[in-house]
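K.L.:
OK, TrEMBL features for this one:
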- 18-471: domain 'Glycoside hydrolase family 9' (DOMAIN)
- His398: active site (ACT_SITE)
- Asp449: active site (ACT_SITE)
- Glu458: active site (ACT_SITE)
Amino acid sequence: MLAMLLLISPEIYAGHDYRDALRKSILFFEGQRSGKVPPDQRLKWRRDSALRDGSSAGVDLTGGYYDAGDNVKFGFPMAFTTTMMSWSVIDFGKTMGPELENAVKAIKWGTDYLMKATQIPDVVFVQVGDAYSDHNCWERPEDMDTLRTVYKIDKDHPGSEVAGETAAALAAASIVFEKRDPIYSKMLLDRATRVFAFAQKYRGAYSDSLYQAVCPFYCDFNGYEDELLWGAAWLHKASKKRVYREFIVKNQVILRAGDTIHEFGWDNKHAGINVLVSKMVLMGKADYFQSFKQNADEFICSLLPGISHPQVQYSQGGLLVKSGGSNMQHVTSLSFLLLTYSNYLSHANKVVPCGEFTASPALLRQVAKRQVDYILGDNPMKMSYMVGYGSRFPQKIHHRGSSVPSVVDHPDRIGCKDGSRYFFSNNPNPNLLIGAVVGGPNITDDFPDSRPYFQLTEPTTYINAPLLGLLGYFSAHY
């Protein structure tokens, strides 16, 4: 009975072109590029920006991604984005077809920057740009004249969460490049090893060390313990070294592997750790990780409609909803884990026990697919929440580069406050940020397409990153 309830949606919708959605979801990352855009840039309205990043600190920190609709480079979510793009390619790259090459390019744009940010031993540059200065302006990145202050963590100002996530990103990406570019892969893994050692040796939260700069934007509310386990898990997967396995086993209780298992995102890695590590258990190779599989099973049960944890709700239209802003970040990251775990279970011929109910791999996939279909248009608003996909999608997203006329159409500079009229305009954004998935609706299923509602209309890189894997899989199987 419950299994049936999970799959029922209020209306019957037409199928989706998941391949087209995948292509566009990867293209979005080209619109978020910072630095010198390459000759093969496909979103032509974006041009070079922030070419002096890092100069105030005597280092080259050009490149990388703007995280959302502003022009700051936040290292914590950028690293998580890179980790999730890499995991998408590792698990679902074979189903991405011709888009695999573009996905790998998107990963490398992230890792090239993270390599620059970790070039000095026992130092990680974790942010470029003063968020308060940036948010005081509405200007395209090509005109940016706000403060490009450089922030770092080091031995005296630790930041184990951002260092641990950076190590995870570099380690995960090293797997992506293992056969494509062995030399680059080794560089990534060597650097991941060094950064993780720094994160572990000099423990502390960057939210304490750099509170004024990173809070409340990407403040670490969840502690740094999960990122240490997360980094170790990816290093173990990439290097196969026993030292990381021993670190995970020894520290799983101390670092609280079982905490807040119904959440996964840039700040909280617990559910991701449990799903990632469980693969080895399900393959019959790591009984010493059995507790992680138990945690992963509990996590899966906490998401299922009808039996979900109180902090996980479903709207009338079928959308997974968690409290806080930018709900789609939870939708894509949690759906990614549902799909990933369903594949691990399928290969092991296992199911998830949820009390009196049993969840099959097929059921997990259906729940994940229902969320993706909601994003693409199967919802009460009958609109896609991915820009450029479908006939109806958000037109006035909270994004500086998209909403201000491009340098192609308006070569003259548009200053800090001069862009405000575009922010308050009722006209659609002049530049389509194709593939951008906005924060989206919440429990009401309503969506006001308006820039000031930034928690609903702002896209982020970490919304799209898990979507690459989801769309890759569904494009090949549906």
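Glycine residues also receive a Cβ, built from the backbone N, Cα and C atoms like all the rest.
Annotations in TrEMBL come from automatic prediction, not curation.
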K.L.:
If you count the other Cβ atoms within 10 Å of each Cβ, which of the active-site residues Asp449, Glu458 comes out on top?
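P.N.:
That would be Glu458, with the most Cβ atoms nearby.
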K.L.:
If I take the alpha carbons of Glu458 (active site) and His398 (active site), what is the distance between them in whole Å?
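P.N.:
That separation, Cα to Cα, works out to 5 Å.
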K.L.:
My understanding is the cutoff is Cβ-Cβ under 8 Å with a sequence separation of 6 or more in the same chain; which residues meet that for His398 (active site)?
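P.N.:
Looking at Cβ-Cβ distances below 8 Å from His398 (active site), excluding near sequence neighbours, one finds Gly69, Val438, Arg451, Pro452, Tyr453, Phe454, Thr457, Glu458.
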K.L.:
I'm checking region-level scores; what's the whole-number mean pLDDT for the domain 'Glycoside hydrolase family 9' (18-471)?
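P.N.:
Reported value for the domain 'Glycoside hydrolase family 9' (18-471) is a mean pLDDT of 96.
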